[in-house]
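Participant: Sharing a structure with you now.
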Amino acid sequence: MQFSSRERLKHARLAGDRREQYPHSLQFYLEPPTESISLAEFESFAVDRLKLLKVVENLGVSYVRTTDIYKTKLVAELRKLKFPYKALAEDDYEARRKDHISHFILRLAYCQSEDLRRWFLQQEMDLFRYRFNELTESLMQKFLGHVNLSFEAVGEDLKNELVNELSSSTPGFTVTKVKEQMFYKVGLADAVDLFRARRVFIKDGFAYVPFKEIDVIVLNNYRTKLSKALALTARSLPSIQSDERLQPLLKHLSHSYVGPDYSVQKNTGKISLEQIDALSVKSFPLCMRQLHRTLRDSHHLRHGGRMQYGLFLKGIGLTLEQALEFWKKEFIRGKVDADKFDKGYAYSIRHNYGKEGKRTDYTPYSCMKIIMSNPPGQGDYHGCPFRHSDPELLKQKLQSYKIPPSGITQILELVKGMHYQLACQKYFELTHDVDDIGFSLNHPNQYFTESQKLLSGGRELKKELNNSGNFQQKNNSQESINSSSTPTSSNATADTELEGLDAYFTED
């Protein structure tokens, strides 16, 4: 991206050619941005788009994409985060600019592994699908021309000649509807999905596609282009990782938590050690319940488990003194004597509380940190059970916790789709006997806090009958994601400008 000078951008704006820069509210993101942006704007854009894609993911699992409630919630998020949502808006230059730049920033962050690329591609596809289908027919035509996807319209004479074949080959189309609908001749290679689903008429190597199905063609084209672009960007990873401007910003963006700071202990000292066993059953997420049970059974946890569980306990309110007592009592019941604990393990506990070493007050791990970093090895019990456990072992564990078979099936389906946090939300619903939890789960300590609110009557959640059998959820991404927590570069200021990034998106 050669994010070129601000003078150029200012001149372009003064010249009144904003709409020429972004003639459509929708785009394929084929050309990288060509302007300078400040470090603060870079971070803000990236976090806002990440919020949006998280909402897209949650809504896509929770609601049918064509329903009004799905559309209402998504357009509300687009408006709130100031992304393009109204195709005909004359004054949404800044929204279109933000949409353009933020896509390329996250493309840098999410090109770094196959799992990240797959997630980013799916959410961008779902977002594009919604926005494309919201266009009017005339704007769709205009957009198709803009991205060089202008297909040959079938003339009235040919359509009348083929009316019976088109009607019988196109599901839901009567002869009358065929005559009313515009059809296009599309090369078979572009219409493979429609052909396989037997939804179009084929003749002489062309698919006769009704206008209402043209979105399938456009989405396939977009998927192909974005997949190739992500692979190309991934080739630039060595350069990205050596770039001192970008690496501090992108290092954790793809799996960082940007929500409430659970190192600020509002309940410090309010939980007694005697309560932990009961709390682990009622209010711990599955990852922490597993660690607690392992600690009680074997009287030991390896380093990864001690870090994950110890910081979680710190976040729910254990004081340093309580933590030292808790871990020491458990470890000396195993193979560690009191002297060895005091000389070794106690230091790391004090370190986590900011009392040793660099005096850093460590923050409890977020869901994304647990899911994306330091996977458990043989003999380890840390990590996310929904991400790191064998499905059959996970099923057995859920059965042992009296989760009903229908609930286990739903959880395993979410796991299969790699929606690990949504699987944990479903676990929350089942263990708390609610159908709509009213928040987006992003942190184990958030799970604990919301559970305690619910069990103590601090929040009202109504159990509702869901005849469809599918669970639904509301989203509050503003509560769960806060841009102030975005990773920042230690050697740069908010006014620092980023430029010359185009090389990461172009072929050598």
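Cβ from N, Cα, C; glycine included.
Please treat TrEMBL annotations as automatic predictions, because they have not gone through curation.
Pulled the feature table from TrEMBL, pasting it below:
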| type | residues | note |
| --- | --- | --- |
| DOMAIN | 278-448 | domain 'DNA primase large subunit C-terminal' |
| BINDING | CYS287, CYS367, CYS384, CYS424 | [4Fe-4S] cluster binding site |
| REGION | 465-508 | region 'Disordered' |
| COMPBIAS | 475-495 | compositional bias 'Low complexity' |
| COMPBIAS | 496-508 | compositional bias 'Acidic residues' |
Participant: If you draw a 10 Å sphere on the Cβ of CYS367 ([4Fe-4S] cluster binding site), how many other Cβ atoms land inside?
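Facilitator: That number is 25.
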Participant: Take the Cβ of CYS384 ([4Fe-4S] cluster binding site) and count every other Cβ within 10 Å, whichever protein chain it belongs to.
Facilitator: 27
Participant: In the same chain, outside CYS287, CYS367, CYS384, CYS424, whose C-beta lies within 8 angstroms of the Cβ mean position for the [4Fe-4S] cluster site?
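Facilitator: Output for this site, in sequence order: PRO285, LEU286, ILE370, ILE371, PRO385, PHE386, ARG387, TYR420, GLN421, PRO444.
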Participant: Inside 10 Å of the Cβ of CYS424 ([4Fe-4S] cluster binding site), count up the other Cβ atoms and send me the figure.
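Facilitator: If we count other Cβ atoms within 10 Å of CYS424 ([4Fe-4S] cluster binding site), we arrive at 26.
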Participant: With Cβ-Cβ distance below 8 Å and at least 6 positions apart along the chain, what are the contacts of CYS287 ([4Fe-4S] cluster binding site)? List them in sequence order.
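Facilitator: Residues satisfying the criterion: GLN308, ILE370, HIS382, GLY383, CYS384, PRO385, PRO444.
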